Structures are given as C-alpha cells and as structure tokens.
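These notes concern the structure reproduced below.
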Amino acid sequence: MTVVYLIVKTRENTPTALKNKTAVFFFILLGANLNFLNFGAGFSITSDLEKQFSTDSTTASWVISGYALTVGSFVILFGKLGDIIGLHIIFVAGLAIITVLSLINALIRKEIIALITFRALQGIGGAAILPSAIALTGNYFTGKALNLAINGLLLAFTASMGIGILLGGAFSLTSIGYRSFFYFTFALGLICVIYLTLTIIPVERSEPRKNMKVKNLNFGGAAFLVAGLILIIYGFTTAGLQWSTPKVYVTIPIGVVVVLAVVLFEGLYIGPYKHKHSATKNWKTDIELLFPPQILTIPNFIPFACGLFCTYAAFTGLQNILVQYFEFVQGNSSLMAAVKLLPLTVGLIFGSVVYRPIMAEKIGTRNILVISAFFSLATTVWCSRLDQSSNSFWKYEFAPLFLYGYGTNLFYQVYYNAILSQTPKHLQGSVSGVFQTMCQIGVSIGSAITTTIIGSVSEANASQAAELSPKMRNAFYFCVGCHALEVVLMLFSTNPKPKTEDHEEKKLETEP
C-alpha cells in the first residue's frame, strides 16, 4: 500500500508538461516495441543459444516459441481486462512484466529449460501490452490525429520487428552473446515503465465502461479459452519437425474443440439470452463476454480475421525460410542474415511514411486490400526464385523484399484504420485481442509448416547446400498459397460506410 500511495502522490506532483498526450503516446509505442523486439530477435539469436547452451536447434527454438505461445494464448483475455480495468493499467503492468523478466533472462547462463520457462512467462507481458497499445491509440485520438497516430503505430511496430532481428544478430556477436540483448530490453523497458507509471493518461470512463465489472468476467470461459489456445499453438509449434506425434495430433483437435465450445457457448447461448432478457438481472445478463457480438458488425470482420492469419503465416514463413537460407546455405553470420532481411523492414517503413487515408477514399478500401494481396503474392513468387549457385540477393531478395514490405503495409493500414475507427471505444481492447490471436496462430502455423518442409538444418557444405536450396524453394509454396488465399478473401471485402465520430459509443450510452 505504501508503494501505491507513493506512486499516486508522485503522479499528482508530476509536471503537466510531462503528461502531454503526444509524449505519453511516444513512450507507449516505445514500450509496445519490446514485444516485437523480443519476437524479432528470436529469429537471429537461435544459433547463439545453441552454442551457449550446447543444445540442438529444436530445443533452442523453444526460447522463441515459448514466448509466442503465451502471447497468443493470453492476448484475448488481456484485451478484455483492458476494457474492464483500464487499458493504461494493463499496459503498464504488462510492460513491467516484460521488463523484469528481461533482467531474469539475462542472468540465466546454464539451464536452457529455465530460460524457456521465463520466456514463456515474459510472453504474458507481451499479451498484455499488444492489445492495450492498439486500443489506447484508438481511445487517445480521433479524426486526422487518429490517422497520424495509426501511421506512427505501424511505423513503430514494423520497424521494431526488423530492428529486433538486427539487434539479435548484433548482440549475439558480443562477449556475452544473447544475454546482452536482454540487458538492452531491460534498460529500455525500465525507462518506459518509470515514465509511464508517472504520466500515462487514463482512458475516459464512458457509460458502457462504467457498466463493465471484473467480477462479471466470464472466468470459466477465459480459463478454457486460454487452455484451448495453448493446446492449439503448442501443437503447431511442436509440429515443426514431426507431425506424427500425440503432441500434435492430440493437442490441436482438443484445443480447437475447447475454443469452439467457448465461442459457441457465448455466441449461441449467453449472447441471445442477454439480448432477450435485457431487463432481467442475473449472472447470465451481467456476464462480460470474451467475444462481444458487436465484433461481427465491424466491416470486413471475416476478411480481416482470415487475412491477418494468412498474412502472418506467410510473413513468418518467409522470414523463417530466408534466415535459414542466409545462415545455413550461404554461410552468413546471424548479423549478416539480419542485414539481408532489412529491405523487408524498409519496405514496411516506407509504406507507413507514404500512405495517406485519402488513398482508400479515392481507390476504395476493397481495391486497396486486393492490391495489397496481389502485391504480396507476386513478390513472394519472385522471392522464391532464389539460387544458391549465384549471387542472387540483388535479383531475388533485395527488390522483392522491399516491395513485399510495402504491399503488406497497405493491408495493415486499412486494417488498423478500420478497427480503430469502426469499433466502439469500450470494446477496442477485446477486438484487438481477438484479431491478434489470429495473428499468433498464423505465426505458429507458418513457422511449423515451413520448418517441416525444410527439415532439420545445420551449416552446410557445397553439396549439402545444393540439397537444402530446393527444399527452401519448396517451402515458399506455402507462403504463396497463403497469399493466394488472401487474394480470394479480399475479393469478398467491401467498402465500409463512413462512420460519424463516436456515433456507436453515444448510441450504446443511451441504450437501457
């Protein structure tokens, strides 16, 4: 209580200039980047982990997979808690978890199981900050300011992924290897935690938010949902090198059944009951749904949800293929492999810088989505033509990776503008959580399938490289298939009608 009292009093005495919304938003983006830095670095620190712990690539990969597992499993729950408790509270709490566990990870030297365990716990912090950061953006800004904030959000998110890969490779070359990366993220996180604890601006408690109580959360559904998602993501993550094991063919179906049971229980039973008996007061009418029915009213909900899955699966698969190609076929260091992937990040950043909402207004949202999907499909096919027998980087990687990044950014721009402008503000945490879960499932499947096609790899001699290269080209067919499906899905998208500012929020506030 003394600590809480000191924080409250210090916040009261913090100069108003430091509570500037723009400055606070900058540190929110900086803190949110820790999630992407942690994920991106995983691609380039694996080799160092194998050496430091004298382990195999499968075990070392769980340092990445353990983090992704808990992010994907808890993100819906924390998105909902953000809407109920306060987005700013959940964000700072998640940031504190990531920061403290970064220090713990940096101190682990001998037991890789301990590192995997604490990385999984760290992913819980990532699950808290990701939907909260997105929802805070939609709650802090409106109109043109929201468009600028979304550009900043995408610029930060896309840049941090590439920077994470680069930093992971660079820190792997230091005297203490991967541990230096965790010391870096600890220092960055500590700065953000201290600043935001004192200055973060609470989201306004609108009438719908005031009616949301933690005690009414669907705790049973939340427990089953998290358990089901853990089983699904764990199954696909384990499937990387062997699908014919109970860890895969048992966990995935059970996980799918559990998640579907939660969705159907809320959607077919509780939701209709709440609507039919709105004047009644009991636990069924008071319960806070993890999947609010308003989600289905968001324009292009199905194309966005499925499109995010396809995009993240292909994006992860492409990076997985190229990192292994650069390191194990071409014999590059982890740092050089990260440098060769930079055109992808630059393309994403370029897209954020040049995009303007007027493009969607003039060309049409549907057309932008279709163009983005075609762009991603064409450049993936282009990239798949890589050839280890010649210096193909400038021909088959540099240009297509840049264009791939730009095309992918177009999808993100339309997606973020849609969910942050079309979703009621008191539900933005929940909605972001649902969409981000689709992303994380896509990540696990993309990694699993491309790893299965490539197989177990190690640094290859000339003859082995000749055998590996065709496998990696074959793995690109999965990415091509994902983007081909995305093209079809985007053809079914629509141009949403303009939404008057806060119309839905005001409507909900006046409902009995």
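Cβ atoms here come from the backbone N, Cα and C positions, even for glycine.
Any TrEMBL annotation is an automated prediction that lacks curation.
TrEMBL lists 24-498 with the feature domain 'Major facilitator superfamily (MFS) profile'.
Sequence-distant contacts of the transmembrane segment (23-47), counting only residues of its own chain at least 6 positions beyond either end whose CB sits under 8 Å from a CB of the stretch, comprise 57, 60-61, 63-64, 67-68, 71, 91, 95, 98-99, 102, 122, 126, 129-130, 133, 136-137, 140, 149, 152-153, 156-157, 159-169, 171-172, 177-178, 181, 185, 188-189, 192-193, 195-196, 199-201, 319-320, 323, 327, 334-335, 337-338. Residues annotated as transmembrane segment in TrEMBL: 23-47 (among others).
Annotation source TrEMBL lists transmembrane segment at 59-78 (among others). Residues 35, 38-39, 42-43, 45-46, 49-50, 53, 90, 94, 112, 115-117, 119-124, 126-128, 130-132, 222, 225-226, 229-230, 233-234, 237, 240, 290, 429-430, 433-434, 436-437, 439-441, 443-444, 447 of the same chain lie 6+ residues outside the transmembrane segment (59-78) yet bring a C-beta within less than 8 angstroms of a C-beta in it.
Here the transmembrane segment (85-108) has Cβ contacts under 8 Å with residues 28, 31-32, 34-35, 38, 78, 114-115, 118-119, 121-122, 124-129, 132-133, 135-136, 139, 179-180, 182-183, 185-186, 189-190, 192-193, 196-197, 200-203, 214, 429 of the same chain, all six or more residues outside its ends. Residues annotated as transmembrane segment in TrEMBL: 85-108 (among others).
Outside the transmembrane segment (120-141) by six or more residues, the chain places 21, 25, 28-29, 31-32, 34-35, 38-39, 66-75, 77-79, 82-83, 87-88, 90-91, 93-99, 101-102, 105, 148-150, 153, 201, 203-204, 416, 419-421, 423, 425, 428-430, 432-433, 436 with a CB less than 8 A from a CB of the stretch. The transmembrane segment annotation in TrEMBL covers 120-141 (among others).
Sequence annotations record features per position, and here TrEMBL assigns transmembrane segment to 153-175 (among others). Proximity of distant same-chain residues to the transmembrane segment (153-175), defined by a Cβ-Cβ separation under 8 Å and at least 6 residues beyond the stretch ends, is recorded for 29-30, 32-33, 36-45, 47-48, 133-134, 137, 181, 184, 319, 323, 333-339, 341-342, 344-346, 348-349, 351-353, 405, 409, 412-413, 416.
The feature transmembrane segment is assigned by TrEMBL to 181-204 (among others). Only residues 6 or more beyond the boundaries of the transmembrane segment (181-204), in the same chain, are considered here, and those with a CB under 8 A from a CB of the stretch are 7, 10-11, 14, 18-19, 21, 23-24, 27-28, 30-31, 34, 37-38, 41, 45, 86-88, 91-92, 95-96, 98-99, 102-103, 105-106, 136, 139-140, 167-168, 171-172, 425.
Under the heading transmembrane segment, TrEMBL lists 216-236 (among others). Beyond the ends of the transmembrane segment (216-236), by six or more residues, the same chain brings 68-70, 72-74, 76-77, 80-81, 84, 247-252, 254-259, 261-262, 265-266, 270, 283, 286-290, 437, 440-441, 444-445, 447-448 to within a C-beta distance below 8 angstroms of the stretch.
Here TrEMBL flags 248-269 (among others) as transmembrane segment. Among residues of the same chain six or more beyond the transmembrane segment (248-269), those with a C-beta under 8 A of the stretch's C-beta atoms are 218, 221, 224-225, 227-236, 238-239, 242, 289-291, 293.
According to TrEMBL, the feature transmembrane segment maps to 290-315 (among others). Under 8 Å from some Cβ of the transmembrane segment (290-315) lie the Cβ atoms of residues 76-77, 80, 218, 221-222, 225, 262-263, 266-267, 271, 275, 365, 369, 373, 376, 380, 408, 411, 415, 418-419, 422-424, 427, 430-431, 434-435, 438-443, 445-446, 449, 478-479, 482-483, 485-486, 489-490, 492-494, 496-497, all in the same chain and six or more residues away from its ends.
Residues of the same chain lying 6 or more positions beyond the ends of the transmembrane segment (335-355) and with a Cβ under 8 Å from any Cβ of it are 43-44, 151, 154-155, 158-159, 161-163, 165-166, 168-170, 172-173, 319, 322-323, 326-327, 393, 397-399, 401-410, 412-413. Annotation comment: TrEMBL describes 335-355 (among others) as transmembrane segment.
For the transmembrane segment (367-386), same-chain residues at least 6 beyond its ends with a Cβ under 8 Å from one of its own Cβ atoms are 300, 303, 307, 311, 314, 318, 322, 325, 359-360, 392, 396-397, 399-401, 403-404, 406-408, 410-411, 413-414, 469, 472-473, 476-477, 479-480, 483-484, 486-487, 489-491, 493. If you look up TrEMBL, you'll see 367-386 (among others) marked as transmembrane segment.
Per TrEMBL, transmembrane segment is recorded for 398-419 (among others).
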